Amino acid sequence: MFQPVGSAEEEEEQAEEDCPELVPIEAKQREEEENSNPAAKIPVTIITGYLGAGKTTLLNYILTEQHNKRVAVILNEFGEGSAVEKSLAVSQGGELYEEWLELRNGCLCCSVKDNGLRAIENLMQKKGKFDYILLETTGLADPGAVASMFWVDAELGVDIYLDECDLGRQVALADIIIINKTDLVSEEDLNKLRTTIRVDLSNVLDLHAFDSLSGVSLQKKLQHVPATPPHLDQSIVTVTFEVPGNAKEESLNVYIQNLLWEKNVRNRDDDCMEVIRLKGLVSIKDKPQQVIVQGVHELYDLEETPVSWKDDTERTNRLVLIGRNLDKDILKQLFIATVAETEKWWTTHFKEDQVCP
Ligand SMILES: Nc1nc2c(ncn2[C@@H]2O[C@H](COP(=O)(O)OP(=O)(O)OP(=O)(O)O)[C@@H](O)[C@H]2O)c(=O)[nH]1
Ligand SMILES: [Zn+2]
């Protein structure tokens, strides 16, 4: 699970009106910067990386560190999961986010391209209010397409330059590669990975330094990178659902463990569901606080947030699952059964004796 870090999440609603949120910094410095260089170009950092690599974690870290920069954040979430992603980021990072830019459903590299542009254009109208743009792309986006977005509009080209671009296609387009989750692998594997990355980079070394490129030359450079489909893996799907009520912690663990550990949940074609990424905001019985669920492959954890549910009517569970062979109805029904403590759905869909490979 050590992957180049990056991400984009995007939000589905009100793409037109929304704007990225600005992180407050000290007023004095803000004034100085506004006065000093109103026409300064604004660096854009694209953070990308595979599902669950730690992009949002990095983003939250950047936003909470004292760097005295006012950062505008654009999230691009694959599928419908953006609302959950938003709440995760807000809960983890404190109250930094005043206003969110919500891009419409889909991924930034294809259908959302227009909205993405509009988003950036909106953002540029707020020029002077921030010094930096951070764009977290979906783990499945084609980085080349995301990067090109900044050159589609000539006007944008003059206002914004790409600062660092660490993205998935794969290591090729990255200016900086962060190897994350090193705590989960051996020193030996880590060294192998380092060697691999270095070799790859030497083949494509002339790709970076985006800042000096025009749109045309960026496109030209991108031609040297092998073409890949807009989503690196077309078989991966995203499922989102919401189920009101509380789940017993124990039952919730059983639900998650059947999916991530036992891998004994099947879809209607009798294919095993394979969950690569799980995230959500859940309501656990007898816990006043909202709980975040984070799962990546077989690792998961439940983390209490400082936010309490206002009342019982508000209590609900929102889950996002990303993976292969996922059937939304079955996953949702199983969750409903988890909340309702009914055994029926479980016994029909879990085949203890037929564990998936
Ligand atoms: N062990 C370990 N866990 C980490 C590390 N960095 C992040 N995580 C955990 O990995 C999980 C996923 O992190 P996120 O930051 O949400 O990953 P992401 O890349 O934004 O995920 P997507 O946007 O869904 O692709 C969370 O539970 C993090 O706490 C790390 O260095 N080590
Ligand atoms: Zn994320």
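Heads up, residue numbers simply count up from 1 along the chain you see.
Quick reminder: no glycine exception, Cβ is built from N, Cα and C everywhere.
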Candidate ranges 1-23, 47-69, 185-207, 277-299 [criterion: TrEMBL lists as region 'Disordered']: 1-23
Helix, strand and coil counts within the domain 'CobW C-terminal' (236-336) (DSSP): 26 helix, 49 strand, 26 coil
